[in-house]
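What TrEMBL records for this protein:
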ACT_SITE  B:E32  active site, proton acceptor
ACT_SITE  B:D43  active site, proton acceptor
Amino acid sequence: MTVLESMAPPTGGRFGDFGGRYVPESLVPACAALETAFREAWADATFHERLAELRSVYAGRPTALTPATTLSADLGITLMLKREDLAHTGSHKINNVLGQALLAQRMGKTRLIAETGAGQHGVATATAAALFGMRATIYMGERDMARQRLNVFRMELLGAEVIPVTAGSRTLKDATNEAMRGWVAAVEEAHFCLGSTAGPHPYPWLVRQFQRVIGEEARAQAPVHPDVVVACVGGGSNAAGTFAGFADTRARLVGVEAAGGAAMTHGRPGVVHGYRSMLLQDEQGQILEAESISAGLDYPGIGPEHAHLGATGRAEYVTVTDDEAVAALGRLARAEGIICALESAHAVAWVLRAAGTPELPAGSTVLLTLSGRGDKDMATLAGVTE
Amino acid sequence: MKRLYPYLTGGITEDWTDYLLAYQEAGADAIEIGLPFSDPMLDGTTIQRASDRSLRRGTTVDTILADLAAVRDRISVPLFAMTYANLVFRDGPAVFCRRLAEAGVSGLIVPDVPVDEADGLSAAAEAAGVDLVLLAAPVTPPERLAEIAARSRGFVYAVSVLGTTGERDELAGTAAPLAARIKAVTDLPVLIGFGISGPEQATAAARAGDGVVVASALMRRVLDGATPGELLDDVAALRAAVDQADQEVPADHAHAEVSGDRG
């Protein structure tokens, strides 16, 4: 399969060996109906007009492409930052959620269900629900609620119901299980507004299509084609959206995983949350708990398209430790006056580490997606630096 | 005769196979054995807790199959394994199904492998002589239901309700219409599961279908520390309830009642 084919609508919901629709029978008709609705909407000019309008007058798009002048000089590269931190609600998550809320409305759904890790997707979903006059139910691991309290407060202020998940590691993995259970029980009136390029078909494809605006804008804004395109990867939506804009160029595509949640680097193929991909799991096939300072990357899986891009060699996946991410966040803040999210700081950390080495030679032009802003992480960072 | 398939999470206690023997003695027609998975997407809190407890004891597919092999000559009812896709695909469906068969397990239920994803697993199960049981849900459209019924082996599992496993106050209104729809397109037995919480619901469900699967109501008792002897009484009560559906309601009547529900 060529790269261009891999970016096209997947047949049978597969990206090479990955993807699929491994869900209980109760959810199969809902997934099929969502796929049909999405195909129709995506072919409908009115839908695109409405989405474009929301992006522009509501979400603040296009987001800026900022030259990182100080870091570029320090590192001997040309670094450009795609500023998803400037989008409404503070991250790229709003791109996907506005698209899915429009779809939900089109399908006559009155309620949005979502899982959230860092809370950015939960906030975006709560925001869209408020905008569209829908109910929102957000499942969030208890541990994430504690470390992302600000986002819990924001969701509740927006009128969403936040349900603490106490099972397992009490993080995104468990919140996703619980959100899917909630969806099974409410499948007729609720739309599952999944936040990443994961889950059963059509979600990995649909979410990437709603996120590809990141890559398409960046490509149009960049004065030259970058040599390297880099983004952090948990489930992988900001990276998938960014990569989509550059897949047909010669740019190297680099996804940066958290060392404690590195499904591509340390995982093996398996099935969880409705899809087949690379997963952190033990010898028996039990899913392992990820361990990252960044709630948004604290997830044992990765989107199936990334698994495919990695398997075919079109994209490469690297890891960054908690300490490197924290240091990178501080250095970006002081050098450029931008406080990014801990998730995004992983991408920054890889550039800081690799610049000037054979991994990222001096003189390279690098486009890096800053997936979100760091306000939500101040309490975590205060704890780290104390 | 109406069937009773009680469920037990494998490895839930050290002496967990004693519960199997108790179920059998109490009149189970077959027993469903859960192979615990870390992320049981379709299970409510009771089965989640049971899975967690079993996994914390160090249970693996291997330990369960070894325990089963040890009591194999004392078990005469069919055993069905219930688990999730990742455990089945870990070493490949062919190896997995062969190991089940070698341990005397004759059927397999994998709720996150719907019929569209079942090709490889179906073939592997058939080659190993294991019945791959498919599930149907209240939202399953007619054409799809016919495909599920045609490709299911052993029985068709009617998921009575839109929701996870777990006890409910009464049998969902969706149960009887679904059972009737499935029975209209297959000669396989139709077993109703999810939310069968006690004898009353078991009688009602057994009227609508060919039998019932009972899981959470029994596992709650096991989690609370009930002994195999106490579970024998519970399963015997369910047995009586299921038999009552046979004795009280002639088949025609049950059918008429179900048809009424559909309208």
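From the backbone N, Cα and C atoms, a Cβ is placed for every residue, glycine too.
Note that the structure is a prediction, hence the values are computed from the model and not measured.
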| field | Pairwise CA distance, B:E32 (active site, proton acceptor) versus B:D43 (active site, proton acceptor), rounded so that it is a whole Å | value | 15
| message | Return the residues near B:D43 (active site, proton acceptor) by Cβ distance under 8 Å, restricted to its own chain and a separation of at least 6 in sequence. | response | B:S51, B:T164, B:T165, B:G166
| query | Taking DSSP three-state, what's B:E32 (active site, proton acceptor) in: helix, strand or coil? | reply | strand
| note | So B:E32 (active site, proton acceptor), by the Cβ count within 10 Å over all chains shown, scores 25
